[in-house]
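Features as listed in TrEMBL:
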type	residues	note
TRANSMEM	B:6-28	transmembrane segment
TRANSMEM	B:40-59	transmembrane segment
TRANSMEM	B:65-84	transmembrane segment
TRANSMEM	B:91-113	transmembrane segment
TRANSMEM	B:133-155	transmembrane segment
TRANSMEM	B:184-203	transmembrane segment
TRANSMEM	B:260-276	transmembrane segment
Amino acid sequence: MLEVTDLVVRYGRATALDGVSLELAPGEMVALVGPNGAGKSTLVDTLSGIVAPAAGRVVLRGRLAQVPEGRQLFAELSVADNLALGAWRSGRGRAGRDPARVFEVLPDLRPLAGRLAGTLSGGEQQMVAVGRALMADPDILAVDELSLGLAPRVVADLARHLRELNAERDTTVLLIEQNARLAFDLCRRAYVLESGRITASGPCVQLAESPQVARAYFGGTTEGAGDPVPGGARDP
Amino acid sequence: MSAFLTYLITGLALGCSFALVASGFVAIHRVTGVVNFAQGTFAVVAGLMAGSLLGRGLPHGLAEILAILLAGAVGLVVGVIAIGKRGTPPLASLVITLGLGILAYAVEIIIWGDQPISFQMVPGSVDIAGAPILRQYLVVIAVALVTFAGLGLFFGRSYLGKALTACASNPYAARLAGINVMRMGLLAFALGGLLGGLAGVLVTPLQPVAFDSDVALATNGFAAAIFGGLNRPGLALVGGLVLGVAEAFVAGYLSGSYQTEVALALMLAIMIWRASRRVSVAEEPA
Ligand SMILES: Nc1ncnc2c1ncn2[C@@H]1O[C@H](COP(=O)(O)OP(=O)(O)O)[C@@H](O)[C@H]1O
Ligand SMILES: [Mg+2]
């Protein structure tokens with residue numbers, strides 16, 4: 001579905017990605033974790049085609065849509081317009097812009113359709129951002145920092161939607177997270193990106209047990225200690 | 001009473017012409033975030049071109065349309081130079097448009113000379129409640145209203161209009177959605193050129209246009225556009241009308257020699273008042 005080989009991306013003289021390789025099979029839900037500045041957003045921007053790689057290869061079978069870090073909604077436009085513009089690339093005319101199919105997956109969006117995107121809460125905005133990406137009918141959905149700045153309960157709700165999308169609609173998902181516990185909980189497999197390089201990869205269960213990953217992302221323990229488990233939403 | 005009505009309608013027509021210039025500022029800024037200081041040039045080019053085409057015997061309608069299309073093409077060229085290199089900051093683009101506006105003086109003088117040009121479009125006047133009103137004023141008002149209705153529908157309702165708005169709202173997200181932000185910006189510059197050209201063609205019969213008329217046109221148009229934060233066509237129309245009516249009354253009842261200054265001062269006062277109101281709203285606890 002997606003095959004990235006020895007990808008190198010530079011911003012001027014700085015190297016943001018240095019020989020990154022990864023692979024996604026159809027229907028998989030894979031996590032990409034790593035600290036701030038590791039190059040995660042750069043990687044998705046390259047996959048989206050808006051950052052040009054200096055070297056390496058990206059083979060993409062199907063359409064990729066990105067839920068960008070920080071939502072990036074069109075604040076002055078309504079939710080309905082934000083969704084409609086998500087279908088810009090599809091070129092399927094008025095029918096392609098009909099948000100009905102996204103409302104099926106994200107019913108909470110329906111009552112928000114007439115609101116200005118800039119006036120919504122963070123969680124609502126993130127849902128619009130997911131919905132806008134879905135309007136492109138993606139085969140792969142790349143979600144950059146799903147949980148950033150959101151309350152745990154809201155994150156759990158969004159995570160449940162992603163899991164449904166993946167399980168019921170067979171959408172391949174690349175989930176980028178700083179919250180490794182959330183990512184490992186949702187995905188079976190993960191990559192760890194640090195300073196532009198993949199430093200570890202494999203099944204989440206194994207990664208979580210590796211002392212290096214455990215130290216960096218779970219504060220030294222491998223047992224969950226209070227972070228919310230998606231799917232079992234509870235009040236904070 | 002009839003003097004009052006004359007000033008009022010004259011002012012509305014003047015305001016509509018300001019608003020048309022303003023609409024070009026808005027079309028470009030709303031999409032690209034660039035304040036286009038060559039906006040007055042588009043009007044001047046169209047006015048001069050229409051004048052010389054009519055002078056060569058081209059029929060009305062055709063001459064004006066060709067002149068407006070030329071202004072659109074000039075708008076596109078200015079756009080290519082101002083934003084054609086990706087990553088040019090809006091402030092750098094602004095300076096480029098300023099430079100192009102001055103460069104245009106030379107080109108205009110070579111082609112059309114340095115003398116003011118005028119022509120008649122719809123001659124004569126009509127009586128409205130005892131006040132004689134130039135027909136041209138009514139044409140300006142009618143065309144402006146139709147243009148603004150069209151712009152409102154275009155930006156507010158059409159898919160393309162929303163994609164254009166999205167480009168300035170969040171260029172990064174627009175690119176992610178597959179919108180060609182650069183092409184949309186150029187489209188906006190072409191649209192700005194057409195709107196400026198329309199203003200120029202309508203204004204030239206009322207006040208002769210020369211190569212350096214762009215400053216006065218752009219000043220008033222900019223003041224009107226600022227009223228809507230350079231982004232809202234509807235408010236730009238309101239701004240234009242306020243400005244135009246103020247200028248007509250100052251010229252009529254006080255003196256014609258500082259009508260622009262008084263009107264701009266009024267505009268400034270309104271803007272300060274609006275800004276202070278916005279702050280006090282923002283300061284209220286949510
Ligand atoms: N547009 C840019 N121009 C220059 N440097 C950038 C740009 N975007 C990101 N970087 C740099 O590239 C590195 C990776 O950034 P990013 O991909 O945003 O990391 P992450 O998403 O993992 O936090 C950082 O050092 C960042 O400062
Ligand atoms: Mg990031």
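Placed from the backbone N, Cα and C atoms, the Cβ positions cover glycine too.
Counting Cβ pairs closer than 8 Å to the transmembrane segment (B:133-155), the top stretch among B:6-28, B:40-59, B:184-203, B:260-276 is B:6-28. Counting Cβ pairs closer than 8 Å to the transmembrane segment (B:6-28), the top stretch among B:40-59, B:91-113, B:184-203, B:260-276 is B:184-203.
Listed stretches B:65-84, B:91-113, B:260-276 were compared with the transmembrane segment (B:184-203); the greatest number of C-beta pairs under 8 angstroms is found for B:65-84. Counting same-chain residues at least six beyond the ends of the transmembrane segment (B:260-276), those with a Cβ under 8 angstroms from any Cβ of the stretch are 216, 219-220, 223, 226-227, 239, 242-243, 246-247, 250, 254. Residues 21, 24, 66-68, 70-71, 74-75, 78, 100-101, 104, 108, 111-112, 117-119, 192-193, 195-201, 203-204, 209-211, 213-219, 221 of the same chain, all 6+ positions outside the transmembrane segment (B:40-59), place their C-beta atoms under 8 angstroms from a C-beta of that stretch.
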